[in-house]
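Here is what TrEMBL says about this protein:
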type	residues	note
TRANSMEM	19-38	transmembrane segment
TRANSMEM	44-67	transmembrane segment
TRANSMEM	79-101	transmembrane segment
TRANSMEM	113-132	transmembrane segment
TRANSMEM	153-170	transmembrane segment
TRANSMEM	190-210	transmembrane segment
TRANSMEM	222-239	transmembrane segment
TRANSMEM	245-269	transmembrane segment
TRANSMEM	289-309	transmembrane segment
TRANSMEM	329-349	transmembrane segment
Amino acid sequence: MPFLATALGRDRWAPWRRVIAIVGTVLASASFLLSSWSTEVWHLILLQGVLAALGNAMLYTPTTLWLDEWFRGGNRATAYGVQFSIKNVVGTACPFLMYALLQNLGFRNALRIWAGMVLLIGIGGIVLVPLPPESTRRRQHKIPWSFLKHRTFYVYAIANTVFSSGYGLPQTYLSTYASQYLHLPAAESSAMIALFNAPGILSSTGFGLLNDKVHVSAGTNTLLSAIGSALCVFLLWGIKSNTVQGLLIAFAISYGFFASGYSATWGGWITDLEKEAAEHNEAVNSGMLYGFMNGARGVGYVVGGLSSVELLKVGPVQDSQKWALGTEYGALILFTGISSALGGWSVVWKGWPCR
């Protein structure tokens with residue numbers, strides 16, 4: 001995605017954004033449709049792990065660049081936040097929708113219906129999106145790489161990667177954890193994912209508003225999300241969530257609130273990077289920066305996913321038999337909490353600025 005955002009941010013390729021978004025939607029839809037005939041694991045890896053990911057990137061990148069250009073004059077962090085809020089709307093509704101489809105139609109027909117929804121909603125949305133005026137796009141004949149010379153970019157990128165490495169783990173394992181230790185039926189276990197996503201509908205927009213309207217600095221905003229997420233992991237998931245259902249529900253809701261708001265702080269990060277570029281009289285492409293932030297998040301997801309397999313093999317945290325940390329998920333819970341806390345390290349490296 002960083003390279004796609006870089007290319008589509010240039011004048012030469014910018015007119016092709018809508019076409020690329022439509023092609024991406026078709027690829028994503030086709031990947032789900034073809035997956036309905038899969039019979040081997042490698043089929044799913046190729047179709048959903050590669051083809052769907054490529055299609056989604058081709059759809060997501062142009063629309064995000066348009067969003068950046070529409071709100072370049074102000075309220076960009078809030079606009080990003082609303083975008084992530086919609087992601088959480090889907091994440092809240094999908095567990096119930098997919099459960100109903102799987103129970104009534106089976107996974108093959110469920111995938112075919114989902115493919116149709118992706119195609120219709122995706123192309124319909126692309127057609128309806130108004131294109132920003134040409135004047136909002138910066139004319140840049142050369143790709144501006146000067147941001148790579150400054151520490152600020154690396155501070156935010158590393159924090160983003162570390163936080164993201166733990167962010168996906170509760171979503172991946174929460175349903176299984178609830179079923180295994182609280183013996184919840186499949187429907188209630190799936191509902192945990194909805195509880196995780198629902199608070200993000202508010203917090204994603206909320207953290208954007210903190211940046212744009214309350215003028216909370218990017219570092220402080222990031223710290224609120226990161227430390228709030230870490231406290232939820234250690235105090236709710238890590239204690240007695242394996243025996244007390246209320247604690248697991250409280251964790252899903254509160255962690256979903258703080259962690260989902262993390263990506264909404266990117267608007268503040270990009271503003272910081274733009275100010276730094278202006279101070280050094282350097283060109284910068286905000287859409288390109290956003291693409292690199294998404295790339296850093298993607299690296300974090302991959303690292304977290306691969307690490308989780310080994311973390312489950314490690315098992316319980318020593319001397320924690322009375323707590324959820326003493327279950328086979330103990331090391332995974334600890335990793336999630338630590339990675340969440342380290343996601344706020346930008347305040348340590350950049351200080352605690354106030355605007």
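Placed from the backbone N, Cα and C atoms, the Cβ positions cover glycine too.
The stretch from 19-38, 153-170, 289-309, 329-349 with the most CB pairs below 8 A to the transmembrane segment (113-132) is 19-38. For the transmembrane segment (44-67), the residues of the chain that approach it from at least six positions outside its boundaries are 1, 4-5, 8-9, 14, 17-18, 20-21, 23-32, 34-35, 38, 79-80, 83, 122, 126, 129, 131-132, 287, 290-291, 294, judged by C-beta separation under 8 angstroms. The stretch in closest packing with the transmembrane segment (245-269), judged by the count of Cβ pairs under 8 Å and taken from 153-170, 190-210, 222-239, 289-309, is 190-210. 190-210 is the stretch from 153-170, 190-210, 289-309, 329-349 with the greatest number of Cβ pairs below 8 Å to the transmembrane segment (79-101). Of the candidate ranges 153-170, 190-210, 289-309, 153-170 contributes the most Cβ pairs within a distance under 8 Å of the transmembrane segment (222-239). Same-chain residues lying 6+ beyond the ends of the transmembrane segment (153-170) with a Cβ under 8 Å from its Cβ atoms: 147, 196, 222, 226, 229, 237, 251-252, 255, 259, 262, 266, 269, 272-273, 289, 292-293, 296-301, 303-305, 307-308, 332, 335-340, 342-346, 349-350.
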